[in-house]
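The domain 'PTS EIIC type-3' annotation in TrEMBL covers A:11-422. Taken from TrEMBL, the feature transmembrane segment covers A:34-53, A:89-107, A:114-132, A:152-171, A:191-210, A:230-252, A:259-277, A:297-318, A:354-382, A:402-422.
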Amino acid sequence: MGFFEKMQGFVENKFAPIANKVSNQRHVTAIKKGLITTLPLTIIGGVALILAVPPVDTEIIQPTNFFNRFLLMWKSWATANNSMLMTPYNLSLGLLGLFVVIGVSYFLSEKYEINKISGVITSLFTFLVVAAPTQADNPAGFISSNYLDAKGMFSGIIIAIITVEITKFLLEKNIKIKMPDEVPPMVAAPFEALIPIIVNVVVFMSLNSLVLSLLNMSIPEISLKIFEPIVIASNTLPGVLLVIIVINFLWFFGIHGGAVANSVIVPIITANVAANAEAVAQGAAMPYIFSGRFVNLFANLGGSGAALSLALAMIIVAKSSHLKSVSKVGLVPAFFGISEPLVFSTPMIMNPMIFFPMVFVPIINASITYFTMSTGLVGKIYVNVPFTTPGPFGSFLSTMDWRAAVLWFVLITIDVIIYMPFVKGYDKQMLEEEQVSEVEAA
Amino acid sequence: MNILLVCAAGMSTSLVVNKMKKALTEEEKNWTIEAQPVDSLEEVIDDYDVILLGPQIKYKADEINKIGDEYNTPVGVVDSKDYGMGKGRNILNQAIKLKENY
């Protein structure tokens, strides 16, 4: 048995069941589904932010040509209408924590077959009580939105999960206000929902005052501190590479690597893209490189193993009819980031000839991108774009930096060059097989 | 017959669904073939006679088989070569066989 077969046995029998358990774990599923529901809001918030903060430096750009005049007009329009343009941003990405609480508590309640709207109301109310306490000295009665944005996301996830768990526990133990049988159910229902809300709010308010007095930090602040090391680690080059290696390694064994990795990284990249957007809104430097769709836009160009470059390399060098037809089937989907046709028809899975470029090309892409972003040669990602946005457009729109599109073309060129010798070797194999079968047929 | 294809996000299976629809014969024209993300399988499974998994989520086969048993619906994993090349007719034949042998 060859090395790859042994590895496949290990991945399929040992690793895949664990990965499956993790990604199917009920809390992980609720987090994933909850965050996916907020995706349209993050896209809308990003678009509003682009409109409100055009990538125009009035000191550099002079109205010398039509395009520059357009940019300057946009800038002055955006400045004049700033508060109107920022409203969709402020109330979407700026309230991301709040929407995440709604999403996560909804899907966890659904899983437990608890009344979903009651579950959401209980979680949301508890979260607001802890994360956005009203200030007595503020006569206008504003609530502080400081922790309702991405900063409150981690505490929001925790609170959503624990409140639903407490509610489930109380319902299972049948701890609720019991009405006499004569009371109609319609009247009794609101009273039954009362106990879980009271218990949750009391638990979290007491906990919050306790940690405030002991550590001088609120629950949202502590949650941020707890997740800080993971967020920082994932933003380093080794952290980014680890994620990308795991994704492509799993794909090599025919397992949807992105789906497995996403159950862990989606909360981080969502929080990071929101934090970057906030920095842009405030005119500050963006803190995170590993943000938004970094993996698809700058490492796995065209999907797993940077499949788009494989398709292009095939078109350039392949002579066998198999690889020619494969590139025909796979090129267009790969342009939109869908790599499965190439993965399974080449096949990329369990193909020793393709293993090296499949794993290393994305590593090279991520490393170059990391370097260019950390040195400021290329802007960081602060806008979420839909997952099927084709490469150069996605790179540009998500960073609003034309140099990101240039970087995309540089990367795809390097990738195709690396892929070419491997495709040539594999193509030779295919040609020989095709000749043999032709001889047999004749 | 109503056939459901599931994968991680329902993206690549929707490509395969189009290829399968093109491969339907005249008397099969009224069949329903749809793609859904695997997470929403339990919400929609009632409407289908056969469930096919994309090969990239083969690792979820055990769990999906259990769901299939619960709803009395046959479950199969699409052959990866057919899936990659979009061989719609082969996949339809696989679905027909799954249904007949169930």
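Cβ coordinates are placed from backbone N, Cα and C, and glycine is handled just like the others.
Since we're looking at a predicted model, the values are computed, not measured.
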Exercise. So, does the transmembrane segment (A:297-318) come close enough to the transmembrane segment (A:114-132) to give 3+ Cβ pairs below 8 Å, pairs being at least 6 apart in sequence?
Worked result: no
Exercise. Is the transmembrane segment (A:89-107) close to the transmembrane segment (A:354-382), in the sense of at least 3 CB pairs under 8 angstroms with a sequence gap of 6 or more?
Worked result: no
For this session: With Cβ distances under 8 Å as the criterion, find the stretch in A:34-53, A:230-252, A:259-277, A:297-318 that has the most pairs with the transmembrane segment (A:89-107).
Result: A:34-53
Seminar exercise, completed: Here the mean pLDDT of the domain 'PTS EIIC type-3' (A:11-422) is 89
